[in-house]
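Enquirer: For reference, the structure I am asking about is given below.
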Amino acid sequence: MDVSWLKGHGTENDFVLLPDPDGRVHGDLDPAFVAALCHRRRGLGADGVMRVVRTEAIDLDPALDTTGAEWFMDYRNADGSVSEMCGNGVRVFARYLLEAGLVDVEAPIRIGTRDGVKVVTRAGDELRVDMGPFQVGDVSEVTVGQHAWKAREVHTGNPHAVAFVDTVADAGPLLDQPGYDAGVYPEGVNIEFVERRGDRHVGMRVHERGSGETRSCGTGACAVGVATALADGASPTADVPVRYRVDVPGGTLHVEWTADDHLVLEGPAVIVASGQMEWRA
Ligand SMILES: N[C@@H](CCC[C@H](N)C(=O)O)C(=O)O
């Protein structure tokens, strides 16, 4: 099978993009193919795959609102599982649309996702995405080996458990799935470990559902921003959003909680390679 592909990343959260405008190349992406592509030794290597498909060319839940979104981000984790949303991914996806001339460079870009439409705008060399509203839930426990921490449930399009730690090194190598309460997270969860680094400034590591430890996670940074703001007693005013700097192993993201209770994620997003492949696995 001869396939077009691109590689991109946002703060080293890396993705293979598969252009499939009319949904004729990949159809319903095969999870085994996705997992093989993402494998770091046997494949191209990535934290996830994004099929770039026209919204009208993909079968979606009729209840999903994709108004005004010509393009749909069909997102898969490295193990082939589907996720609703990816904050770094949607910015890399927008970068591709811009570079490929598939959208108006002057206008906000509306991208369909399984968490609804996300709107991406340019901010100098970086890309900002309005992630929409969020929900905050209960506190439960996450564990790594013998260590246990309280973690705040935050949904930013997908589920997150945010644990404050003394130092992100406390979470250890994160080679295995950390423990979590499956009653709270029946669909699995992305787990963030957060340390304080200054005023409105934190560092985090993440173990992503379906991908393992990654160098960054945009929805995770958003969940961390909210959990930290709540812990700080900070909330937005009509004129001034709450803004946090979130350092990740792969770089720096900024998260804003705006007066309309949306989260906005800002950071770098780049395409680093493209080509045609004959997939032989
Ligand atoms: N890296 C992404 C999140 C990708 C999906 C996640 N692993 C899940 O299963 O929910 C991001 O930047 O948000």
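Any Cβ shown, glycine's included, is placed from N, Cα and C.
No curator has checked TrEMBL annotations; they are predicted automatically.
The substrate binding site feature in TrEMBL is assigned to Asn13, Asn77, Gly87, Asn88, Asn158, Asn190, Glu208, Arg209, Gly218, Thr219. Residues or ranges marked as active site, proton donor by TrEMBL: Cys86. TrEMBL lists Cys86 with the feature active site. Taken from TrEMBL, the feature active site, proton acceptor applies to Cys217.
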Enquirer: Counting all other Cβ atoms within 10 Å across every protein chain shown, which of the binding-site residues Asn13, Asn158 scores highest?
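Expert: Comparing the binding-site residues Asn13, Asn158, the most crowded Cβ belongs to Asn13.
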Enquirer: Give me the largest Cα to Cα distance among Asn13, Asn77, Gly87, Asn88, Asn158, Asn190, Glu208, Arg209, Gly218, Thr219, the residues the record lists as binding substrate, in Å as a whole number.
Expert: 16
Enquirer: Below 8 Å Cβ to Cβ and six or more residues apart, same chain only. Which residues does that give for Gly87 (substrate binding site)?
Expert: Gly10, Val129, Met131, Thr156, Gly157, Cys217, Gly218, Thr219, Gly220, Ala221, Cys222, Leu265
Enquirer: Give me the CA-CA distance between Cys86 (active site, proton donor) and Asn158 (substrate binding site), in Å, as a whole number.
Expert: 8
Enquirer: Suppose we draw a 10 Å sphere around the Cβ of Gly218 (substrate binding site). How many other Cβ atoms does it contain, all chains included?
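Expert: Result for Gly218 (substrate binding site): 31 neighbouring Cβ atoms inside 10 Å.
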Enquirer: Within a 10 Å radius of its Cβ, which of these active-site residues (Cys86, Cys217) has the fewest neighbouring Cβ atoms?
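Expert: If we count Cβ atoms within 10 Å for the active-site residues Cys86, Cys217, the smallest count is at Cys86.
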